[in-house]
Every structure is written in structure tokens, then in C-alpha cells.
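Below is one structure, written out as C-alpha cells; the observations come after it.
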Amino acid sequence: MRCQVWNVIELNLSSSCLHGLLNSKSNIFSLQNLRFLDLSNNHFSGQILSSLGNFSSLTTLDLSENHFSGQIPSSLGNLLHLTSLDLTDNNFVGDIPTSLGNLSHLTLLLLGANNLVGEIPFSLGNLSHLTDLTLCENDLAGEIPSSFENLSHLTNLDLSQNNLVGEIPSFFGSFNQLVSLAVEENEFTGNFLLILLNLTNLSDLSLSRNQFTGTLPPNMSSLSNLVLFYADANAFTGTIPSSLLNIPSLSCFDLSDNQLNGNIEFGNISSSLSDLLLGNNNFRGSIHKSISKLVNLYTLDLSHFNTQGSINFSIFSDLKLLVDLHLSHLNTTTTIDLNTFLSSFKSLDTLDLSGNHISAINKSSVSNPVTTARPGLGLTNPLLLSRFNLSGCGVTEFPEFLRTQQTMEILDISNNKINGQVPGWLWTLPTLDYVNLSNNTFTGFQRLMVPSSWQPSMNYFSGANNNFTGNLPAFICAFTLQALHLRKNHLSGVFPENISESLKSLDVGHNQLVGKLPRSLVRISSLEVLNVENNKINDTFPFWLSSLEELQVLVLRSNAFHGPMQQTRFPNLRIIDVSHNHFNGTLPSDFFVNWTVMFLLGENEDQFNGEYMGTSYYSDSIVVMNKGLEMEMVRILKIFTSVDFSRNKFEGEIPKSIGLLKELHVLNLSSNTFTGHIPSSMGKLRELESLDVAQNKLSGDIPQDLGDLSYLAYMNFSHNQLVGPLPGGTQFLTQNCSSFEENAGHFGPSLEKVCDIHGKTMQESEMPGSEEDEEEVISWIAATIGFIPGIAFGLMMGYILVCYKPEWFMNVFGKNKSRSTSSTTR
């Protein structure tokens, strides 16, 4: 606190653990002569009162790092003496007030990390004295205002992580005092702006994750003070200008995830470089041994570098300071002694060798531990990795060096040819958090080599697609896991009762489990996904799971579940599949009334659009019957919804409450014995894409409102007792005639257009032998036409899954981690 003539003019309460609301009764509002007010890094909440705009003498106002919410009051535009305004890292919403353009003395305006929307006000261009403008991490849209041309004194401009569009304005080239420019994670387009080369004071330039195209200019060396250059995840083409890599001050360089090509002469790169990320481009040729000159590298990413031959991994042995090394998918076949290779490094934390054809020399790490020299002491310490990815390398043995890796957190050796038993010592690694052993040929688990009371801190384990036999491993089920995936094995017996109560995802589908679902599942309050498909479970419908408020996916298909299904409450259920069981009885008319997320999801569509279920570590996957085909969704969009009750023994009418599920995408009720009319309420399913009610005993008309469902691309009404004209909507006219066959009472112009029968009825299907043979040939041709694109699609999806890193790996192993150390320099 600072006073002048009995008046408090300066009040600094930053980092004082204060909380609560700032209301009109707060003593602060009696200090009308304040010039400096800093309440940053506290726990204040609620809205800012407009009366704060009455502090007419304020020159500095800092409310950053609190929990303030609501809109930024326009009255702040009355603080005409203000030179610094910092509202960073709060929960402010709404538009940026145009009145802030009145603050003509402002030099710092920091509004980042809020929830602000709308366009950037044109009036901010009036702030001609601004040196620092930060609007990052909001939801701002539109183009950069032309009025920004007046902000010629800017030294720092951060517009990153918004939804801004258009090209970078040419007047940016006149910001000759600019030191840092960040526009990453927007939707900017166009070529690299040549006029940016005039910014000779520029130290940090981040263009990442936009839609920039074209080539990089050859004379990048004019940015002679450049330290950080991030332009990853764009569509830049051509070669990397050698002048850019030669800038002496350059420390961090990221051009990964573009379409660059050509060769790279590593010997000409600035020796001060600490981070070099070039992965996921179109580079071809050998990795030259001159890379060994980059002795100051901490991070190196050359993933998807098409070497077209073997690699001598010893060329990396001089890079002793490396912390993160990414060498995945190099299109190489080589032999590597992991012990010898790893002993070259002092501080290696992350190693990614996935997607290569590696023959690993697998020495025992107990008798030959991986060690690294400690200069000046003549001693050696074991090298301890935290993250190791050997996925898809064709290795046949479990890597023995892992036995001594006491700091290992993330381990992925999936998609290999490793057989035998999972070693018991694996579970003794104290920091192990993520283990992926899927897609190998493991047969079992060695005896746990720890006391029964010992609990690892593991969050994720996948042993899917192996040859595990016997019971579900009780000791793994008891781990404090968030995700346990053991699908597609040969596991048998009953569920253990001691399943982790921290689970979010449990997938044991495609095994031979018997008995009933354990009632202990009801204690897993965080469970989001339960998949037990294709087992031999014999039980009634688990109504008791309705107490799990977070349950979003329930897959019981292809078991021996039986009995009726009564009205129950599943408020967050998005996907349910109970097909291929023995459920029977009628479904009450109000059966779906408490499945609220399927008729409220659209209200939060912007929140979930593009998001997938799972976490940064893993993605949930399921098989759904969609549009007449079984499709494997390797990642589940949060906005996807599906109800599949097919191939059971349900009877009676289809519940009218089905019409409440306005956000439903897939509905399959086929192969039951439903009777009565198709509910007209189905016409309210505005998001429906696939509808299958075939092979029931439905009667009456097809509701005409179904013709108005614009997303309905697939439908099957065949093998019922339906009558009357087909709806006239465009979607109906594009269906195959087989979608309506075996319904004797259909007629009308829509049916004639669909089936092109011109007067024939659906019963007149018999034809002479030659015509029948001809139709059979045509059917085979049609099947082949459908089959070939299916193969192409499958190969394409396989390529994508094999060649691109899973989301969890990019989040945990990827460049974001390495960037965090340098971003503080901005």
C-alpha cells in the first residue's frame, strides 16, 4: 500500500489468497484516488461491478488469474488515464467492449485466457501507444481489423488460439518494433507474408496450426534475431530455406506436419539449435551423419522421414543432451542394440522408434544395465526413460532393458510379434502410468512379483488383440486404472468382483466370459464405457447400472442376456447396443423419457463438436451397425448417438417416446416381432441418419414426416406388413428397392421411382430362369462394386491408423511437451 496526503493511491494485494466477491460494499470502492490496483493471482469470483469505472485516476489495473466471470463492463472505457489493463486468465464472456478503444494512453492490454467471443473491435486500433496486446485463448472470430495498422509501437502481439480467419495483413510489415508475433491455432490462410521479413527485431514467430500454404521465402536470414520459429501443422510445400536454419540465434525450430520435401544438410544448421522438429513431412533420402554436429539439441523429431534404407543409429550418439527423440516411421529396416544405443545419452527421457522394422538385440538389463557417464566423476548412472514407444516394429521379444527403467511412465510395445507371458517384473516399475501391449501374441501373465497389498499408480492398460487365456487377471482388475481394454482374447470364467472403482472405460468384448455381470460394477461411479460384446454372459438387463450417472456407452451385444427391459433412467447414455441377445417382452411407451442426453445433446453441440471420448492417453472404440453395415469406430465422437435393439424377441408397439431422442443418429430395431404402426413421433428425429425396422410385424403407413428428415441416408422397412404410399422425400427416392420389399401393401409414385416397376407390384417378383440368372449375375457385380471400395477404404483406414500417431501419444510424447520449456521466453 502507498499513500499520498492521507489518500491511498497504490494497493497491491496480489497472491494474497483472497477470495469472494467484489461488491459495492467492499472497502476498495471507497478508495477513489487509487492510481494502482493489483488483485492478481487470488480467488476472487463473480462479476466486475460497473462502478469500477469510477476510479478516474487509475493508471494500472490488474485483475488477472482470478475467477471473475460475466462480461467485461463497458465502464472500464471511462478510465482515461489507464496505461495497463490486465484481465488475463479469468472466465469473462461476451464481446470485448468497444469502449476500451477510448483508453488512448494504454500501453498494455492483456485479455488472454478467457471465453470472449465476437470480432475484435475496430476501436482497438485507436490505442496507438500499445506495446503489448494479448487476446489469446478466447473464441474470437472474424478478420484482423484494418485499424490495427495504427498499432505501430507493438513489441508483442498474441492472437493465438482463437477462430480468426483471412490472411495476415500486409501492414504487419510496418511493425518494426515487434519482438514476438503469435497467431497459432487459428484459421488463417494464404502464403507466408514476405513483408514479415522486414521485422528484423523479431525474436519469436509462431504460425502453427493454421492453413498457410505455399513455400517459405529463400531470404529468411533477414530475421537475424529469430530465436523461436514455429510453423507446424500447416500446408507449406517445397524445401526448407537453408538461410532459415543458418540464423545464429535460432534455438527452437518446428516445421513438422507440413508437406515439405527435399534433402536436408544438417551440417549447415545453427549449432545453437536446441529443438528441431521436422516430422510428418515428405522428406526423402538418408539422414546424413552431419546431424551429429547438432550437439546442443534437446529435442529432435524426424518422424516419417522416408530414409528408403537402413540407418546407422550411431549417428545420433553424439547428441548426448537429447531429452526427446522421435524417429518413428523412417521406412527403414535395421538392427539396433538398445542397451548400447541408449548408453550414449545423458538425459534422454522420451524415445519413439515406432513404425520401423527393427531387430532389437535384447540383452538382459540386469546383468548389463543401461548406464550413462557422469563427466568428471568417472562414475556411471543408469539412464532412466519416462516414455518409450516401440509400437509396430516387428519385435518378437519383450524388451529386457525395461526391467531397470524405474521412472518409466508411458510404455507402448503394441502391434508387434511378442509372444509368451507378460513378465511379472513389469508391474514393479513404480511410476508406470500407461501400458499398451495390444496386437501381439501374448498368452498369459507371469506371477506378480510384489506383495498382494502393493498397488501401482497405473491409469491405462491395454492387452487387446492377443491370445490371453484363463480368467480375467484379478490383479490387473484391482489396479487403480481409468481404462482397462482386454477385448479380442480367449479369456474365460466369470468377472472378478474386485474391479477398480476408478475405471472410466472397461472393454472385455470378444472373449468367452460366462456368468453374470458383477454387481460390484455399480460402485464404479466414474464409468463412462462398458463393452462386454461377444461373450457368453447369461444375465438379465442390468437396470442397476442406471445409477452410474456418467455412463455414456453400454454394449451388451452377442451374449445370452434375456428377459424384459423396463423403463429406466440413463441420463448420459449416448450409445446402447443390446442386439443379438434374447431380450423379450414389450417396451413401455415411456421407455426413453429419461434418456435425456439424446434429446438435449444438441444444446451443447458446439461444446462437443469434433471432440472424442476418452482422454489424451486413449480413445474408446466400438463396432456399430450403421446404414446396414458393421463399422468399427476407432474413436467415438461425443456427439454420436446410437440405439441398437436388433435381433432380440421384443414385441408390442415401438414406444412413442422414441420421438424424444431428437439427437439420435442411428436407430436399429430390426429382427424382432414389433407390431402396430411406426410411431409418427419418429418424424421428430431430426439428426437421424440410419433407420432399420426390417423383419418385424409392423403395419400401417410409413409416417409421411420421415420424408422430411434431411440426414436420413439409409432406411430399411422390408419384411413387415406395411401399406400405403411411401413418403415423397428425396431421401426415400434414393433408397434401394430392397429396403421396401416384402410389404404387400406399398404403392404410389414414390415406390415406382424407387423400384422402377412401372405398374408391377411387389409380388410380381418371379421371372423366367434366364432373367433370374441375369439378376443373380447383376447382384454379384453389385456386390463386387461394393466390395472393392470397401477394401480400398479398409486399406486407407489401416494406413491412417498405422502411420499416424494416436492422440494420446502426441499429447504425451509430442512437441507440445518440448515447447513448454521455451514458451516462457515469450
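Note that Cβ sites are derived from N, Cα and C of the backbone, with glycine treated the same way.
In the three-state DSSP assignment, the secondary structure recorded for Asn12 (N-linked glycosylation site) is strand. Summarising the annotation, Swiss-Prot assigns N-linked glycosylation site to Asn12 (among others) and lists sequence analysis as the type of evidence.
Per Swiss-Prot, N-linked glycosylation site is recorded for Asn54 (among others). In the structure as shown, the Cβ atom of Asn54 (N-linked glycosylation site) sits within 10 Å of 13 other Cβ atoms.
Look at Swiss-Prot and you will find 55-79 tagged as repeat 'LRR 3'. Residue counts of the repeat 'LRR 3' (55-79) by helix, strand and coil are 5 helix, 8 strand, 12 coil (DSSP-based).
Per-residue confidence over the repeat 'LRR 4' (81-103) averages out at a pLDDT of 97. What Swiss-Prot records for 81-103 is repeat 'LRR 4', and it gives sequence analysis as the kind of evidence.
Positions annotated as N-linked glycosylation site by Swiss-Prot, on the basis of sequence analysis: Asn126 (among others). Packing around Asn126 (N-linked glycosylation site) is summarised by its Cβ count: 19 other Cβ atoms lie within 10 angstroms of its Cβ, all protein chains included.
In sequence order, Gly173, Ser174, Asn176, Ser222 are the residues near Asn198 (N-linked glycosylation site), counting only same-chain partners six or more apart with C-beta under 8 A. Following the DSSP three-state reduction, the secondary structure of Asn198 (N-linked glycosylation site) is helix. Annotated N-linked glycosylation site per Swiss-Prot: Asn198 (among others), in sequence order, evidence recorded as sequence analysis.
Asn219 (N-linked glycosylation site): 11 other CB atoms within 10 A of its CB, across all protein chains. Here Swiss-Prot flags Asn219 (among others) as N-linked glycosylation site, drawing on sequence analysis.
The repeat 'LRR 10' feature in Swiss-Prot is assigned to 225-247; the stated evidence is sequence analysis.
Per Swiss-Prot, N-linked glycosylation site is recorded for Asn268 (among others). In three-state terms derived from DSSP, Asn268 (N-linked glycosylation site) belongs to a helical segment.
Residues or ranges marked as repeat 'LRR 14' by Swiss-Prot: 319-343.
Annotation comment: Swiss-Prot describes Asn436 (among others) as N-linked glycosylation site. For the recorded site, Asn436 (N-linked glycosylation site), the DSSP three-state label reads strand. Contacts of Asn436 (N-linked glycosylation site) defined by a Cβ separation under 8 A and a same-chain sequence distance of 6+ are given as Ser391, Leu411, Asp412, Ile413, Ser414, Tyr460, Phe461, Ser462, in order along the sequence.
What Swiss-Prot records for Asn439 (among others) is N-linked glycosylation site.
Look at Swiss-Prot and you will find 455-478 tagged as repeat 'LRR 19'.
Positions annotated as repeat 'LRR 22' by Swiss-Prot: 525-550.
Positions annotated as N-linked glycosylation site by Swiss-Prot, on the basis of sequence analysis: Asn538 (among others). Counting only residues at least six positions away in the same chain, the Cβ atoms of Val514, Gly515, Lys516, Asn559, Ala560, Phe561, His562 sit under 8 Å from the Cβ of Asn538 (N-linked glycosylation site).
DSSP assignment over the repeat 'LRR 24' (571-594) gives 0 helix, 8 strand, 16 coil. Under the heading repeat 'LRR 24', Swiss-Prot lists 571-594.
Nothing from the glycosylation sites Asn54, Asn126, Asn219, Asn268, Asn439 places its Cα within 10 Å of the Cα belonging to Asn736 (N-linked glycosylation site).
Taking DSSP states H, G and I as helix and E and B as strand, the repeat 'LRR 14' (319-343) has 5 helix, 8 strand, 12 coil.
Just so you know, of the glycosylation sites Asn268, Asn439, Asn668, Asn716, Asn736, the Cβ with the fewest other Cβ atoms around it within 10 Å is the one at Asn268.
DSSP assigns Asn538 (N-linked glycosylation site) to coil, not to a helix or a strand. Here Asn668 (N-linked glycosylation site) is positioned 31 angstrom away from Asn439 (N-linked glycosylation site), judged by their C-alpha atoms. Beyond its flanks by at least six residues, the repeat 'LRR 3' (55-79) meets 9, 14, 31-49, 85-103, 105, 110-111, 116 of its own chain at Cβ-Cβ distances under 8 Å.
Of all the Cβ atoms in the protein chains shown, 15 others lie within 10 Å of the Cβ of Asn12 (N-linked glycosylation site). Beyond the ends of the repeat 'LRR 26' (662-685), by six or more residues, the same chain brings 579, 597-602, 624-627, 639-656, 691-706, 708-709, 716, 722 to within a C-beta distance below 8 angstroms of the stretch. Comparing Asn54 (N-linked glycosylation site) with Asn219 (N-linked glycosylation site), their Cα atoms are 52 Å apart once rounded.
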